[in-house]
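J.: Just passing along the structure, written as structure tokens.
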Amino acid sequence: DGCGHTVLGPESGTLASINYPQTSPNSTVCEWEIRVKPGQRVQLKFGDFDIDDSDSCHSSYLRVHNGIGPTRTEIGKYCGFGFQMDGLITSKSNEVTVQFMSGIHTSGRGFLAAYSTTDKSDLITWLANASHFSEPEFNKYCPAGCVIPFADISGTIPHGYRDSSSLCMAGVHAGVVSNALGGQINVVISKGIPYYEGSLANNVTSKVGPLSTSLFTFKTSGCYGTLGMESGVIPDSQITASSILEWSYQTGQVNIWKPENARLKRVGPPWAAFISDEHQWLQIDLNKEKRITGIITTGSTLAEYYYYVSAYRILYSDDAQKWRVYREPGTDKDKIFQGNTELYQEVRNNFIPPIIARFFRINPLKWHQKIAMKVELLGCQFSIGRAPKITLPLSMSQNKNDDKNDDFSDDFMHSVKTSLQTDKTTFTPEIKNTTVTPSVTKDVALAAVLVPVLVMVFTTLILILVCAWHWRNRKKKSEGTYDLPYWDRAGWWKGMKQFLPTKSAEHEETPVRYSSSEISHLRPREVPTMLQTESAEYAQPLVGGIVGTLHQRSTFKPEEGKEASYADLDPYNSPIQEVYHAYAEPLPITGPEYATPIIMDMSSHPSTPLGVPSISTFKAAGNQVPPLIGTYNKLLSRTDSASSAQALYDTPKGQLGPGATDELVYQVPQSVAHSTGNTEE
């Protein structure tokens with residue numbers, strides 16, 4: 001009386017203690033005898049083990065034996081709370097005995113185990129879920145008996161199952177493996193979705209599930225396309241039934257629920273039988289043999305007619321004369337398929353192994369109020385390449401009336417058909433168990449990361465280039481008409497010196513800055529008072545005859561439309577054109593020919609040592625440039641003393657009055673010490 005959930009298949013199975021996963025009752029015992037094909041061995045895997053060990057495995061334990069009966073030998077005796085048994089227990093023969101003994105205890109769930117033949121090296125139990133594996137794709141073997149009443153799964157195909165769902169139970173729900181046989185599953189892990197739908201399929205109810213980080217689905221052969229009921233590929237003439245529900249309204253209108261109405265998702269009434277008993281059927285002619293892998297059913301889908309079929313059998317035939325009932329391999333009982341539990345929900349059942357037949361018949365066994373249903377068949381085309389020549393035994397051909405021989409012949413022919421090559425359907429499948437391969441998933445995920453990054457990088461570069469171009473245009477507009485771009489100036493480093501620590505007064509050059517904007521707003525004689533002693537954009541001019549080249553310290557600012565040079569005509573002798581330089585005021589026509597001296601307030605600067613002449617600002621005689629002595633100069637300051645009224649310039653040589661026409665030659669202005677005694681009025 002200690003046996004719990006038990007399914008013993010020909011190659012695999014599942015067994016558990018009574019009341020698992022709740023506490024097992026006291027003083028119970030159960031013994032399982034497992035047999036597989038001769039020549040094979042049995043391997044046992046524990047998914048959960050929790051047996052009281054307070055008395056050192058004396059009264060509560062699990063014992064595994066090689067063989068069955070009195071000749072069996074013990075492999076091991078196990079007990080313990082939360083006992084972890086990662087490895088497999090392997091037998092020496094094709095028979096194993098598992099014995100569970102439960103004594104007096106207060107806690108302990110008991111155990112849950114799975115078994116298979118030793119050629120299934122990747123055996124798992126129904127407790128395994130996708131979160132237990134890190135690989136994006138893997139193969140596992142699910143034992144028979146994976147459908148456990150207390151287990152939950154979320155999701156459906158083709159969208160996938162939540163990662164917390166049991167792999168094997170989801171495989172049964174998807175129709176990949178059979179609960180009675182078990183089988184191999186190919187699992188693919190993908191990114192989770194926000195919502196998982198629930199459905200009923202293969203006697204497994206999938207519940208609605210919330211968001212998860214990952215999901216899994218299965219890879220299959222792909223033979224799950226619709227065979228033409230919904231699409232109309234199967235004509236009405238190929239859909240027949242045992243009887244048809246027909247009645248008339250009071251208005252005289254006749255309502256007929258014909259067999260051709262039994263198309264899934266077709267708007268309107270379904271097919272309904274006139275008499276509701278176990279002898280009714282709905283038959284579909286596929287026109288030729290097809291590989292049928294599943295069926296989907298609904299009820300009437302009409303709220304005012306709450307009709308549906310809750311259980312049915314499946315029969316199939318090649319000639320519509322001799323019918324066979326679908327049975328699972330290794331059993332002698334007809335398989336009863338679970339139908340609908342209400343009139344709207346679609347319920348799917350898969351055939352493992354698939355049915356190879358032309359004629360397909362549904363035989364309702366249980367229903368609600370009346371037999372009414374809509375259906376769709378799943379599968380693919382079945383083509384025979386070169387059918388092998390089948391020769392029956394002589395005794396079989398002679399005893400045609402022998403029922404056993406006829407049954408053997410039918411089974412043999414069916415096995416031959418199932419072993420032949422199949423092709424995929426040409427129709428677009430609605431139910432798929434396939435998904436993208438992990439490599440494609442990785443590429444998609446990588447592309448999803450790289451594409452936005454590259455777009456952001458290129459966008460940033462474009463913005464930088466646009467900003468640089470805009471800044472350069474603004475810089476050009478802010479520069480004067482005669483100014484060169486900042487990066488094109490040869491002496492740009494000099495402009496930066498003003499931000500560096502100043503040098504000593506003896507070695508610091510103090511050029512003159514001329515502000516053309518201020519000069520243009522002042523009267524002619526107010527210009528000298530506005531000249532400043534800040535760092536200038538142009539150094540003091542060095543004029544001496546005709547100079548062939550313009551060196552770095554040239555102070556001439558070229559006029560618009562013409563490049564100024566030292567080879568131009570003397571601006572003071574040209575009667576046709578007057579050339580104005582930005583650094584000096586032009587001489588009035590009626591005024592004296594002496595240039596206005598540059599007077600600066602140098603009270604904050606030390607005086608220039610005597611004997612060091614300043615750089616001349618006057619044109620010398622001839623084309624020879626006067627020699628320059630020293631690199632730096634200091635301008636004299638105007639004072640309010642009596643000597644300040646005296647001119648700082650000598651009389652031009654060779655000229656007695658202002659009316660001379662010969663070329664004028666000016667000497668260098670004298671220093672303060674010399675000017676007091678040598679200057680002329």
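One is the number of the first residue shown, and numbering goes on along the chain from there.
Cβ coordinates come from backbone N, Cα and C, glycine included.
This is the feature table in TrEMBL:
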DISULFID  CYS3-CYS30  disulfide bond
DOMAIN    3-118  domain 'CUB'
DOMAIN    142-216  domain 'LCCL'
DOMAIN    223-380  domain 'F5/8 type C'
TRANSMEM  444-469  transmembrane segment
J.: Across all protein chains in the structure, which of the disulfide-bonded residues CYS3, CYS30 has the highest Cβ count within 10 Å?
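T.: Output for this query is CYS30.
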J.: Quick check on the domain 'LCCL' (142-216): DSSP residue counts for helix, strand, coil, in that order please.
T.: 8 helix, 31 strand, 36 coil
J.: Can you work out the mean pLDDT of the predicted model over the domain 'CUB' (3-118)?
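T.: Mean pLDDT across the domain 'CUB' (3-118) comes out at 90.
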J.: Just to be sure I understand, if DSSP states are collapsed into helix, strand and coil, how many residues of the domain 'CUB' (3-118) fall in each?
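T.: Computed counts for the domain 'CUB' (3-118) are 0 helix, 61 strand, 55 coil.
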